[in-house]
Amino acid sequence: MAFLLDTNVACEVTKRRPNSHVGEWLDMVPGPTLYISVMVLGEIRQGVERLRERDPVQAAIYETWLAKLRHEFVDRIVPVTPNIAEDWGALNHPDPLPLVDGLLAATARSNGWTMVTRNVKDFERTGVRVLNPFESLV
């Protein structure tokens, strides 16, 4: 089984008080089964740039963390492929999804992966398997 991490899961480890359930889940799951989408990198980059405007020092810290994340996931960063794009199009009919959520759902669905997110409701209607590591899994 493989897992696609949503931005909120990937970023949880950067918090001063990260959710303990997320940390426990990440420790339990073999690293090679975890993937991130290029869209997650884009959302993180957007956050770094917003932060840079008001706190350049903190932005530099997140910049370093983002570089480490890219290095750690180097072979597990998933692009938006033609198949994923077509799956995204199908998921958006008849009711469109927010762009990033739709592309993440299509990525998980196209690869048969489980979507790992705090925002379970955002993915419910896509038919993708969803796991919320912010809640106790025991």
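Heads up, the Cβ atoms here are built off N, Cα and C, so glycines get one too.
Here is what TrEMBL records for this protein:
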| type | residues | note |
| --- | --- | --- |
| DOMAIN | 4-126 | domain 'PIN' |
| BINDING | Asp6, Asp101 | Mg(2+) binding site |
Listed in sequence order, residues with CB under 8 A of Asp6 (Mg(2+) binding site) and six or more positions away: Val40, Leu104, Met115, Val116, Thr117, Arg118, Asn119
Cβ neighbours within the same chain of Asp101 (Mg(2+) binding site) - under 8 Å, at least six residues apart: Asn119, Asp122, Phe123
